[in-house]
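Now, the feature entries from Swiss-Prot:
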| type | residues | note |
| --- | --- | --- |
| TOPO_DOM | 1-35 | topological domain 'Cytoplasmic' |
| TRANSMEM | 36-56 | transmembrane segment |
| TOPO_DOM | 57-75 | topological domain 'Extracellular' |
| TRANSMEM | 76-96 | transmembrane segment |
| TOPO_DOM | 97-120 | topological domain 'Cytoplasmic' |
| TRANSMEM | 121-141 | transmembrane segment |
| TOPO_DOM | 142-155 | topological domain 'Extracellular' |
| TRANSMEM | 156-176 | transmembrane segment |
| TOPO_DOM | 177-195 | topological domain 'Cytoplasmic' |
| TRANSMEM | 196-216 | transmembrane segment |
| TOPO_DOM | 217-233 | topological domain 'Extracellular' |
| TRANSMEM | 234-254 | transmembrane segment |
| TOPO_DOM | 255-289 | topological domain 'Cytoplasmic' |
| TRANSMEM | 290-310 | transmembrane segment |
| TOPO_DOM | 311-337 | topological domain 'Extracellular' |
| TRANSMEM | 338-358 | transmembrane segment |
| TOPO_DOM | 359-480 | topological domain 'Cytoplasmic' |
| TRANSMEM | 481-501 | transmembrane segment |
| TOPO_DOM | 502-557 | topological domain 'Extracellular' |
| TRANSMEM | 558-578 | transmembrane segment |
| TOPO_DOM | 579-704 | topological domain 'Cytoplasmic' |
| REGION | 641-704 | region 'Disordered' |
| COMPBIAS | 647-664 | compositional bias 'Low complexity' |
Amino acid sequence: MEETFVPFEGIKNDLKGRLMCYKQDWTGGFKAGFRILAPTTYIFFASAIPVISFGEQLERSTDGVLTAVQTLASTAICGMIHSIIGGQPLLILGVAEPTVIMYTFMFNFAKARPELGRDLFLAWSGWVCVWTALMLFVLAICGACSIINRFTRVAGELFGLLIAMLFMQQAIKGLVDEFRIPERENQKLKEFLPSWRFANGMFALVLSFGLLLTGLRSRKARSWRYGTGWLRSLIADYGVPLMVLVWTGVSYIPAGDVPKGIPRRLFSPNPWSPGAYGNWTVVKEMLDVPIVYIIGAFIPASMIAVLYYFDHSVASQLAQQKEFNLRKPSSYHYDLLLLGFLTLMCGLLGVPPSNGVIPQSPMHTKSLATLKYQLLRNRLVATARRSIKTNASLGQLYDNMQEAYHHMQTPLVYQQPQGLKELKESTIQATTFTGNLNAPVDETLFDIEKEIDDLLPVEVKEQRVSNLLQSTMVGGCVAAMPILKMIPTSVLWGYFAFMAIESLPGNQFWERILLLFTAPSRRFKVLEDYHATFVETVPFKTIAMFTLFQTTYLLICFGLTWIPIAGVMFPLMIMFLIPVRQYLLPRFFKGAHLQDLDAAEYEEAPALPFNLAAETEIGSTTSYPGDLEILDEVMTRSRGEFRHTSSPKVTSSSSTPVNNRSLSQVFSPRVSGIRLGQMSPRVVGNSPKPASCGRSPLNQSSSN
């Protein structure tokens, strides 16, 4: 993204670029037909369950002022508006954990002030949203998104681990509360007797750990040996919501003399019940807030503005990674401006604001990449079969596929249809294997399934329909509140723990923490699997010092969230990492080491073959995963980043790609080869090339 700080320049460029493809955003989605429902349903479950969980967390933290009704309504309204008039339709909006934390701090502050109290909390938070919106307007107009790249991996991964800790904290706190008598409840009820409280707590542990373990297991279903491919894909994509249903069903097993309140379930008023819509008229009470608190609302608003600026922009950035080969322009500045209007609207409606969320945004793009792959593959396979039936030559077959590929694209007038060029280059490479390009072709010469898989690049079905549909479905959950209230709260605590653990793989900060606790005699095992490149290029002592710095900073941020009033300042600590990384860390670490430890992209090295004989034997019988499994493996689960496979030079901090560099300039990443660090599987072999077996700093430190 080009840096521009001329007022309104970034917004103007974003609007100009997105308006040119606005019509195509809709027609492309409708042309996909019913196939668009698969990514829509996938991202709906990924959005709805966390929002329901955050609603239960807010209900407890705000004494019932805010519930799942408000979090679902905010997510639905903001999502629908963004999908219609937003810049980047791949970006998913929703109420996020940082917003819940900030609103918890604000409620505790208001509750402790007689001038505000519980009754004026929403009115005061409305003023906070007004100030937040004004600051977001200023940031968008001045082009602040131009410097989002200065938030390096240090800040992003530390923030991610902080959120994981807060998720786990909420899960533990919720489970402990299952053994206690809830506030605002009649303590004389049978279910609150000591014996029944203990029974409720133990049953809550069963439900929570049941969801956690089965949810984690289902995420790896695509690599299972059992079941058909479609069944494994179904479990991998929808296993977590299915497990929520399963364990909710298990919660209804107790019967007979068991009190009705065991286990405890989600509490929220129905949206049509008397008093449930009091939030929507909060704007009438905003003038009742004392002037000193209206001015004072600027302090938490500045923290929320910083938080949204960072979180929203990074979510949009991860949804538009270059490996997705997106054809349409970005819209960082305009989307931040729109977020300001959405925040203002939410404040006036008395609901918590929504912003871009991680990892749902890159998950949305990934699901649409799978859809585009399926659509392209079906069209090209049908074209190839028709060409073979008419005894076409190899050259004619590729010409026909080029034409079919061209019809599948609706490129903008100012963009080049890169797919046509790549098919042409693939054809040239194919002649080295097949001989005469004009020779007759049949299925023994041209393996339709394999050859077309090799030709297809990673592309995304960029459109607005899936985002609009999933937001509408989230809104439908508000009407389904009587059904949602059947979910046990302990299942939601298990889901919080699931989100915490699920966010750790792919976080290099977490991987370094694990490395510090690995016995020196066992560190070589890290090298036997795909691993971060810094493991081979940076001395272990430097890795340890850098990790200790990050851990200390993380604990300071986490400790800050425990301080009643000062806790609202934790986003400022994340922003402070920019000057710390730019000016302070270079004084203590070598630039080359910092470049590897704080790489802009997620880079990893292939496994080092410590047992070459065993590797050869295994490699001769290895079968390769399907494309959907590859897309799961190629992206980190914590932030939805693409993994970049490279073979680092032990003597240098720089890395050289495993594949031929000249090929990387011709071919875009393929679905069937990107995980293996290849650019074109039809030119390069389908197995990763082993890295040099030189001694890495990790080996040297562990051999002592």
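Including glycine, each Cβ sits where the backbone N, Cα and C put it.
Remember, predicted model here, so these are calculated numbers, not experimental data.
Long-range contacts of the transmembrane segment (196-216) within the same chain, counting only residues at least 6 positions beyond its ends with a Cβ under 8 Å from a Cβ of the stretch, are 171, 175, 178-181, 190, 239-240, 243-244, 246-247, 250-251, 254, 258-259, 261-264, 488-491, 493-495, 497-498, 501-502. Same-chain residues lying 6+ beyond the ends of the topological domain 'Cytoplasmic' (177-195) with a Cβ under 8 Å from its Cβ atoms: 60, 63-64, 201, 204-205, 259-264, 489-490, 493. A contact between the transmembrane segment (481-501) and the transmembrane segment (76-96) is absent, since fewer than 3 of their C-beta pairs, 6 or more residues apart, lie under 8 Å. Between the transmembrane segment (121-141) and the listed ranges 76-96, 156-176, 290-310, 338-358, the one holding the most Cβ pairs under 8 Å is 338-358. Panel annotation: around the topological domain 'Cytoplasmic' (97-120), residues 54, 57-58, 61-63, 65-66, 128, 163, 166-167, 285, 288-290, 293, 300, 303-304, 307, 311, 352-355, 561, 564-565, 567-568, 570-571 of the same chain, lying at least six beyond its termini, place a Cβ under 8 Å from a Cβ of the stretch. Scored by C-beta pairs under 8 angstroms, the transmembrane segment (290-310) has its highest count with 338-358, from the stretches 76-96, 156-176, 338-358. Mean pLDDT across the topological domain 'Cytoplasmic' (255-289) comes to 81 in this model. The residues of the topological domain 'Extracellular' (311-337), classed with DSSP into helix (H, G, I), strand (E, B) and coil, number 18 helix, 0 strand, 9 coil. Outside the topological domain 'Cytoplasmic' (1-35), and at least 6 residues removed from its termini, the chain residues within Cβ reach (under 8 Å) are 87-89, 140-143, 145-149, 328-335, 337, 371, 374-375, 410, 412-414, 461-466.
Residues 52, 55-56, 59, 64-70, 73, 116, 120, 122-124, 126-127, 178, 182, 189-191, 196, 199-200, 203-204, 207, 348-351, 478-479, 481-482, 484-490, 492 of the same chain, all 6+ positions outside the topological domain 'Cytoplasmic' (255-289), place their C-beta atoms under 8 angstroms from a C-beta of that stretch. Within the same chain, residues 1-7, 9-10, 309-310, 313-314, 317, 332-333, 336, 508, 550, 574, 577-578, 581-582, 585, 598-600 sit at least 6 positions outside the topological domain 'Extracellular' (142-155) and bring their C-beta atoms closer than 8 Å to a C-beta of that stretch.
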